Amino acid sequence: MSLLIEQARYHLSAHNARQLPDDGGYEVAFAGRSNAGKSSALNALTRQNALARVSKTPGRTQQLVFFQIQPERYLVDLPGYGYAKVPQDLQAHWQAFIDRYFRTREALRGLVVVMDIRHPLKDYDLQMLGYAAERGLPAHGLLTKADKLGRGQQMQTLQKVKKEVTSRFGDSVTVQTYSGQSRQGVDELRGIVGGWLGLIAEPLAEH
């Protein structure tokens with residue numbers, strides 16, 4: 001499975017619904033607040049240093065970027081959200097586009113919500129998880145930058161987030177800690193994503 005994930009290549013960028021690929025197969029979307037580490041996580045997942053651009057300008061990713069693993073199997077990088085310098089009209093456009101994507105995209109099989117472990121479950125994160133819950137899709141909370149906390153703090157935050165998402169969304173959301181620096185949690189993330197993409201028999205899940 002990991003070798004297949006590593007075959008991911010840039011396919012296209014969509015600024016509106018007309019530019020999306022045909023709605024078939026399997027897609028896993030990655031969402032996260034600006035600078036939560038979403039691009040870095042995609043790069044670690046695929047073992048590629050520059051698959052997803054790591055922008056130094058928060059909020060710069062303003063398109064849906066599709067990375068193709070196999071025909072009809074994609075990783076989808078959603079626009080970073082929650083950055084005040086993005087103009088209001090552009091924020092409204094992306095809100096409507098993403099809303100339509102989540103509500104109508106049949107190929108979407110799961111959502112990874114990337115959150116800085118020091119600031120998890122902000123309003124936008126909960127909104128993304130809510131989209132998945134409304135569609136009956138599984139979601140996975142990726143608590144990034146875990147190396148910024150001690151092991152005890154990591155586990156405390158992990159348990160707190162698990163409790164919160166379970167109370168809100170039931171058992172459709174799994175959660176893990178992750179560090180791009182130490183590569184902590186990369187294999188667990190691959191198990192989840194590979195399962196949703198149909199690349200392995202069952203996704204690894206930690207509730």
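Every residue number used here counts from 1 along the chain in the order it is shown.
A Cβ is built for glycine as well, from the same backbone N, Cα and C atoms used for every other residue.
For S39 (Mg(2+) binding site), the count of additional Cβ atoms within 10 Å of its Cβ stands at 23 [all protein chains shown]. What Swiss-Prot records for 32-39, 59-63, 77-80, 144-147, 178-180 is GTP binding site, and it gives sequence analysis as the kind of evidence.
Look at Swiss-Prot and you will find S39, T61 tagged as Mg(2+) binding site. Under the DSSP three-state reduction, S39 (Mg(2+) binding site) is assigned to helix.
Swiss-Prot lists 24-199 with the feature domain 'EngB-type G', giving sequence analysis as the kind of evidence.
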Proximal but sequence-remote residues of the same chain as K38 (GTP binding site) (Cβ under 8 Å, at least 6 apart): F30, A31, G32, A52, D77, G80, V114
Among the binding-site residues listed here, G32, P79, whose Cβ has the fewest other Cβ atoms inside 10 Å? P79
Go through N35, Q63, the listed binding-site residues, and name the one with the sparsest Cβ surroundings, counting other Cβ atoms within 10 Å. Q63
